[in-house]
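Peer 1: Let me give you the structure first, and then I'll get to my questions.
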Amino acid sequence: PNTALLSLVLMAGTFFIAFFLRKFKNSRFFPGKIRRLIGDFGVPIAILVMVLVDYGIQDTYTQKLSVPSGFSVTAPEKRGWVINPLGEQSPFPVWMMVASGLPAILVFILIFMETQITTLIISKKERMLRKGSGFHLDLLLIVAMGGFFALFGLPWLAAATVRSVTHANALTVMSKAVAPGDKPKVQEVKEQRVTGLLVALLVGLSIVIGDLLRQIPLAVLFGIFLYMGVTSLNGIQFYERLQLLLMPPKHHPDVSYVKKV
């Protein structure tokens, strides 16, 4: 009977712990290295704490993360590893092939817009990136891999805006010495590919630690999604302009879109 309440507590607790530890990085407690270490691992700490809370409450059911056991397709009794583009059980009729063009166009527009918008958000000039962004190369690889994945029934590859912005924020180094009242500014961004490779490696290793992942409640993951969405709003000009509506003019920041309308 208390599943909904406990799920809400787990989600809110995960969000607030992760958000607090992120702010803790810029506090005055503990030495700088310890603060940065705690702040960088705020999300894993929040997940661990809330999983322990859920484990300690045995009399209330919470839905856990569903992780398949073993390495196989979702429904091996229905299909194999390779999907026949012309039909599995029976050949596709010609009219169905032609009609598939309409949803294909809609999916193309969605993938194109999501990829380009994500790249523009990541590559904005405030981040002071030194390496260029491959707008056309990214789109070409996503489209080519999407066609390849379709042969195996795998999900299409697309740019995940919230996770990409969160990744960029994690690699961003903010200035430490700022004047009173000023916000820290971007000092540099650690532009490298190691974290991306490690993320892909850990996703593959999730098959091995399936028993451990099944102990994580879905409510905890919802709290992480909420945290990623809220933290991704920082630096978005539309969000900053909305904040100006509730701010007296004397407190407006010294930016171009405030001076010139």
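FYI, residue positions are counted from 1 along the chain as it appears here.
Glycine residues also receive a Cβ, built from the backbone N, Cα and C atoms like all the rest.
Grabbed the feature section from TrEMBL, which reads as follows:
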- 1-261: domain 'Bicarbonate transporter-like transmembrane' (DOMAIN)
- 6-25: transmembrane segment (TRANSMEM)
- 37-57: transmembrane segment (TRANSMEM)
- 94-113: transmembrane segment (TRANSMEM)
- 134-158: transmembrane segment (TRANSMEM)
- 194-213: transmembrane segment (TRANSMEM)
- 220-239: transmembrane segment (TRANSMEM)
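Would you situate these features in the structure and describe their surroundings?
Peer 2: Within its own chain, the transmembrane segment (94-113) is flanked in space by residues 139, 142-143, 146, 156, 158, which lie at least six positions past its ends and keep a Cβ under 8 Å from the stretch.
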Peer 1: Should anything in the same chain at least six residues away from the transmembrane segment (134-158) have a Cβ under 8 Å from its Cβ atoms, list it; otherwise answer none.
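Peer 2: For the transmembrane segment (134-158), the far contacts come to 73, 79, 81-83, 85, 107, 111-112, 114-116, 119.
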